[in-house]
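K.L.:
This is the structure I have questions about; it appears just below.
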């Protein structure tokens, strides 16, 4: 077995980015996976991560903690160029990866200790930065970066930087990787797709695929390892949804954070829909769940809401609880929580592939309800009694909840999939979850704040973000200040008024209508956009897509 050079991976990155054809990208990745199987099979897991632009698995809560500013400092230390000069270049180009490539290419200094980089070395150095804390942590992180940049070729420097900034820009989405893994190891795509859905780990899927098809098929949901949530499409209307689905579970849609609760080895962990571990922030939820369910291995799913006088209050209050790291007991008294459970994905064994009607029955059998833990309010509805759904909708809104859900009674749980087996119906204006990719400073009293944000949707075919609209209304002074402080840490480049950001923060945007527009990359814009709030409960893989935009255009016709 060889120790695969990082240069070899970079060559693959360049080949992939040089073509716009998804099939060609798939072929390149499949060929590379076969090469790795034959020459360095132990790193298949890591290679699959790096092809996604990641260094940690998606279910891990580890992060590098390396900012663009830290990269600039490292390159400045290495090359003797001022940080201001590098910042100016970044403002002009907008891609820190390209800047890194250019700086290394133009470096006139001779390096006597240049050692060829390997995939293992790059990953090792980047992963080490995650655990560094303390007063000299920045210097230690810079030293790990310098080790890499000192030995890197210009192209290697470009992709090291892009991996750190989580913007690989090679146009590869999860779908392409699934297809490539299936092709490389000659396994049906459906088998690979199922294994990925149940494990949420393409690295694990690829590693098992190189062993055998049986190993892939044995992958399943495991307590302690969160999976992507099943997602809902928009409902065209109550009667229309029930007519199409025939028989449904109709249940209240709560305005809180969706959680996946895992109990295993006599401990309980709570994950958000973006797979973030928030167990420490919600200690009472752990207590409530351990009182409500038997001490067996299980995974249940539900919604945690904030309450006042036992009534639901704004979603933003529960976000305060989730993000809190200190004074948890004080916040626990200030913002009480309640749990509504609506699904069980594992109970002594996997249950996700059972029909939802059976999973609901199991949930009712195993949960002891209380004032702190309840099951979601639901009714089984068909075309003959669809008015029951209308009554539940009215009741849910009157009680301060968000709307209702429709779930086809025969449907299994499909992690990460958005399909017609689960629909959501809400009143008033529609919303889109958009990622902030740019901004503009305000004027007058608001000159030191970002007064408007450029928002984008995900192009699922390329993995890139396409601009959709500028939004400014809906921010009170507190949100204006807190969001500015947060976004300043994510600046990629800026001119006098305009700023580009690393895609990280997601906003929920309400609007009245989708209209065609040549001003934005998506080809559309929103009329009367208003910022409803920050969606810290979801990850970048749940940013709304161009496909959803087109679906909503069809619905408004």
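Backbone N, Cα and C atoms are what each Cβ position is placed from, and that goes for glycine too.
Since we're looking at a predicted model, the values are computed, not measured.
Heads up, here are the entries from Swiss-Prot:
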type     : residues                          : note
BINDING  : 251, 258, 273, 303, 342, 418, 424 : ATP binding site
ACT_SITE : 253                               : active site, N6-AMP-lysine intermediate
K.L.:
Which value in Å gives the longest Cα to Cα span across the ATP site residues 251, 258, 273, 303, 342, 418, 424 as recorded?
P.N.:
19
K.L.:
Would you mind sorting out which of 273, 303, 418, 424 (the binding-site residues) have a C-alpha within 10 A of the one on the residue listed as 'active site, N6-AMP-lysine intermediate'?
P.N.:
303, 424
K.L.:
What three-state secondary structure does DSSP assign to residue 418 (ATP binding site)?
P.N.:
strand
K.L.:
If you count Cβ atoms within 10 Å of the Cβ of residue 342 (ATP binding site), leaving out that atom itself, what do you get?
P.N.:
24
